[in-house]
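Visitor: Here TrEMBL flags 25-48, 60-78, 98-120, 140-158, 197-219, 240-261, 273-292 as transmembrane segment. Look at TrEMBL and you will find 41-290 tagged as domain 'G-protein coupled receptors family 1 profile'.
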Amino acid sequence: MGTDNQTWVSEFILLGLSSDWDTQVSLFVLFLVMYVVTVLGNCLIVLLIRLDSRLHTPMYFFLTNLSLVDVSYATSIVPQLLAHFLAEHKAISFQSCAAQLFFSLALGGIEFVLLAVMAYDRYVAVCDALRYSAIMHGGLCARLAITSWVSGFINSLVQTAITFQLPMCTNKFIDHISCELLAVVRLACVDTSSNEVTIMVSSIVLLMTPFCLVLLSYIQIISTILKIQSREGRRKAFHTCASHLTVVALCYGVAIFTYIQPHSSPSVLQEKLFSVFYAILTPMLNPMIYSLRNKEVKGAWQKLLWKFSGLTSKLAT
């Protein structure tokens, strides 16, 4: 289709991580295993929280949302990546590319806001523990979760609409593992400075603002913990935040380095590695971090395994 003597593409070619066949097969096996672990790990966390009444608290309500976001984010990117490892023609249609960008961008935005919400939950738990139940009631938790999802999807809708209105002309080779925002913008055959400004504003609103709220929450949390005279009390208070703080460092660190300065962004290879880290490694690590560093989750696992072993013994006899 032609418009103003420009040719518009109907599909894109994703260049991926490597053109070597043996390397692609090895990466396929590695990423497939990691994706399966990601899906199983996050689904088991959601199931565990639902089955154990001791985990029916605001913290684990938000963790359920985080696990659902992680699974969805990985699914928006990894299956297509796996398919392309074994395909000669690594094409993705214009519509599929737009859909992939929309969902991955939305789910990434949701995660940033959700992590800020979880930081607020930890702030109340440590700094205003006596009123925790009154403040973090079911209605507020639901509104905070809905705000996270709605803000992520609204931002993504705006960004996707603006990006795919750009004329791509005959540029159809995306040097990335997926239809990532900066990689698609680079294909445009017109000046994209306005798009880069939009990306910057979006990064400030949906990335840096939640990040600053997380920092403020943890400044207050650390200040409160240091005032606790009991060493055991300080250890226990810090332990309630350790898992969330680890996840925050993983998620925000990569995203800020990638998106906050489009003009001086890292190399294309670094962007690909960051995307792999964020799409595959982080969603896989999150349930492990919460399982290994959290007494309540470990206790729930032990209880579930004990019930399962008891049921297995009965069936065997």
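Placement of Cβ uses the backbone N, Cα and C atoms for every residue, glycine included.
Have a look at these and tell me how they're positioned relative to everything else.
Guide: Beyond the transmembrane segment (98-120), the same-chain residues lying 6 or more positions past its ends with a Cβ under 8 Å from any Cβ of the stretch are 59, 62-63, 65-66, 69-70, 72-73, 76-77, 80, 92, 144-145, 147-149, 151-153, 155-157, 159-160, 163-164, 178-181, 184, 206-207, 209-211, 213-214, 217-218, 244, 247-248, 251-252, 255, 278-279.
Distant neighbours of the transmembrane segment (140-158): 58, 61-62, 65, 101-103, 105-114, 117, 120, 198, 202, 205-206; these residues of the same chain sit at least 6 beyond its ends, with a Cβ under 8 Å from one of its Cβ atoms.
Packing against the transmembrane segment (197-219) from elsewhere in the chain are residues 109, 112-113, 115-116, 119-120, 122-123, 151-152, 155, 158-159, 162, 181-182, 185, 241, 245, 248, 252, 255-256, 259-262: each is 6 or more residues past its ends and has a CB under 8 Å from a CB in it.
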Visitor: So what's the average pLDDT for the domain 'G-protein coupled receptors family 1 profile' (41-290)?
Guide: 86
